[in-house]
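Enquirer: Before I ask anything, let me first share the structure, which is written out below as C-alpha cells.
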C-alpha cells in the first residue's frame, strides 16, 4: 500500500478566540488542539506529517519539537485549497494524503482508519456528518442516485442547497498525484474570494473518481473550534467520554460531570473518585483506590488500596499499597512511598523515599530524604536540605522517632532506632539507639511580672 502522508492545516488567525495565543495551541483536556491532531496522525502510522502554519508560526513551531513534523509556512491565508497547495512539494506522487485540521482535535483514529482503508487512485474519501442545524457549513450535494457530486459552501449555496443537512467536515483523503493536478486549477471566484479545497470534489467527479463517504460515531469528533464557547463545549464532551469510560472500567464517580482527565488515566477495579478530581499526564490508579474531593494528581502511580484524602496534590510520585495521604498533603516529584505509609495534613515531600509503615502525620517538610521502615516524624519537622547553593540528604534509619518541631540540618544521618527530642535542631549524625536532644535549656524566673501599659 502506498505511504500515508497527513497534511494538517493550522495557519488560521482565530480572531474570534480574542487571544494572543494561536488558536490551535488552545488546550482541550490539558493539551494543545494541534498536539491532539499530531498524535492521532502518528497513531495512523503516517510516514510524514506536514503542518501548515501562518499566524503565530514561530509560537506554534516552538510548541512541538518533533522530527516527524514537517513545518510548511503559508505567508498569506488564501483559503484551504491554497493552504494544502503549500505542502505539495513535500508530497511524493505515490502518497495517499489525508487532510486534517489543527482546530478539530478529537477525531478518533478508528474513524480515520475506516475512511482511508480503501483509498487508492480511483477514489476520494470524504468524512461528512448530518446536522440538525447545518448553518455555516458546506453542504454535500448528491445526484438522484445518491452519489456525491460537489460541496457547496454556505455563502455560495442556493436556498434549496441550504436545506441539505449532510455537511462537509473538511476532512478528506486523496492521492497526492490528484492533488498536484487539481489544486493549481482552483479558482477563487466565489463569495469569499478564497481557494476552496472542497472544489476538488467536483473535479474528482469530472475525472471519473468515485467519492466514498464515511461518518464519525459522534458529531463532536469533527467539531471545530472558532471561539471559547465551542472550546468549552468540546472540553465538556471529551470529559463526559472519559467519565463514561472510567465507570465502565470499574470506577465509581461521585459526579460524572465533575472530573477532569487531562492525559492518560488507567485504573483498576472498585475505585471511588470524589468530586473535582483532576488527573494530568500519565496516572495509574490500582484496585480499591479512594480519591477524595478536590485532589490534583499528575504523572503518578497510586497502588492498590491507597487513599488520597481531600485537597491533596500529587505530582511525579509513587504511592504504595494502602498508603494514606492527606488531607491537604503535597507530594512533589521524586517522592516514593512504600506500603502502609501515612502522609498527613499539611505535609510536603520532595525527592523523599519513605519506607513501609512510616508516618509523617502533620505540618512537616521532608525533602531530599530517605526514611527507613516504621519511622515516626513528629509535627512541625523540617529537613533543612538547602544551603543556598546545593541540596543535601537526610537519612533516617528504621524505627527512628523524631519529636515534634525538629529541624534536621542536612547532610545528616540518623541511625536506626534513634530518638530525637522535641524542639531539637540536629546538625550531627546520631548513632543507633541514641537519644539526641539539641535545644536551649529552659529557665523559669520566679516573681516575674508582665509589662503594663504606661
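Glycine too: its Cβ is placed from the backbone N, Cα and C atoms.
Reproduced below are the annotations present in Swiss-Prot:
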REGION    1-228  region 'Pyrophosphorylase'
BINDING   9-12, 23, 74, 79-80, 101-103, 138, 153, 168, 226, 332, 350, 365, 376  UDP-N-acetyl-alpha-D-glucosamine binding site
BINDING   103, 226  Mg(2+) binding site
REGION    229-249  region 'Linker'
REGION    250-454  region 'N-acetyltransferase'
ACT_SITE  362  active site, proton acceptor
BINDING   379, 385, 386, 404, 422, 439  acetyl-CoA binding site
Enquirer: Here the binding-site residues are 9, 379, 422; which one has the lowest number of other Cβ atoms no more than 10 Å from its Cβ?
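Expert: Fewest other Cβ atoms within 10 Å, among the binding-site residues 9, 379, 422, is found for 422.
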Enquirer: At the Cα level, what's the spacing in Å between residue 79 (UDP-N-acetyl-alpha-D-glucosamine binding site) and residue 404 (acetyl-CoA binding site), rounded?
Expert: 68
Enquirer: Distance between residue 376 (UDP-N-acetyl-alpha-D-glucosamine binding site) and residue 439 (acetyl-CoA binding site) at the Cα atoms, whole Å?
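Expert: Each residue's Cα considered, residue 376 (UDP-N-acetyl-alpha-D-glucosamine binding site) and residue 439 (acetyl-CoA binding site) end up 20 Å apart.
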Enquirer: Determine the Cβ neighbour count for residue 226 (Mg(2+) binding site): the number of other Cβ atoms within 10 Å of its Cβ.
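Expert: Other Cβ atoms found within 10 Å: 16.
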Enquirer: How many Å separate the Cα atoms of the residue listed as 'active site, proton acceptor' and residue 404 (acetyl-CoA binding site)?
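Expert: Here the two Cα atoms lie 9 Å apart.
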Enquirer: Where the record says 379, 385, 386, 404, 422, 439 bind acetyl-CoA, what is the longest distance in Å from one Cα to another among those residues?
Expert: 22
Enquirer: When you rank 9, 153, 332, 379, 385 by Cα distance to residue 103 (Mg(2+) binding site), which of the binding-site residues ends up on top as the closest?
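Expert: Out of the listed candidates, the nearest Cα belongs to 9.
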Enquirer: From the binding-site residues 379, 385, 422, 439, pick the residue whose C-alpha lies nearest to the C-alpha of residue 102 (UDP-N-acetyl-alpha-D-glucosamine binding site).
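Expert: Closest recorded candidate to residue 102 (UDP-N-acetyl-alpha-D-glucosamine binding site) by Cα: 385.
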Enquirer: Return one of helix, strand or coil for residue 362 (active site, proton acceptor), based on DSSP.
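Expert: Reduced to three states, the DSSP call for residue 362 (active site, proton acceptor) is strand.
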Enquirer: Could you tell me the C-alpha distance between residue 379 (acetyl-CoA binding site) and residue 12 (UDP-N-acetyl-alpha-D-glucosamine binding site) in angstrom, no decimals?
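Expert: Pair distance, Cα basis, whole Å: 56 Å.
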Enquirer: Looking only at 12, 79, 102, which of these binding-site residues has the biggest number of Cβ atoms within 10 Å around its Cβ?
Expert: 102
Enquirer: Looking at the binding-site residues 226, 404, 439, whose Cα is closest in space to that of residue 9 (UDP-N-acetyl-alpha-D-glucosamine binding site)?
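Expert: For residue 9 (UDP-N-acetyl-alpha-D-glucosamine binding site), the closest Cα among 226, 404, 439 is found at 226.
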Enquirer: What's the number of neighbouring CB atoms sitting within 10 A of the CB on residue 103 (Mg(2+) binding site)?
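Expert: A 10 Å sphere around the Cβ of residue 103 (Mg(2+) binding site) contains 25 other Cβ atoms.
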Enquirer: As a test of reading the model: what is the averaged pLDDT for the region 'Pyrophosphorylase' (1-228)?
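Expert: When the pLDDT values over the region 'Pyrophosphorylase' (1-228) are averaged, the result is 94.
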Enquirer: Reported as an integer number of Å, what is the Cα distance between residue 332 (UDP-N-acetyl-alpha-D-glucosamine binding site) and residue 422 (acetyl-CoA binding site)?
Expert: 26
Enquirer: May I ask which residues of the same chain, at least 6 positions away in sequence, place their Cβ under 8 angstroms from the Cβ of residue 385 (acetyl-CoA binding site)?
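Expert: When sequence neighbours closer than 6 are ignored, residue 385 (acetyl-CoA binding site) has 367, 368, 369, 391, 392, 393, 394, 410 within Cβ distance under 8 Å.
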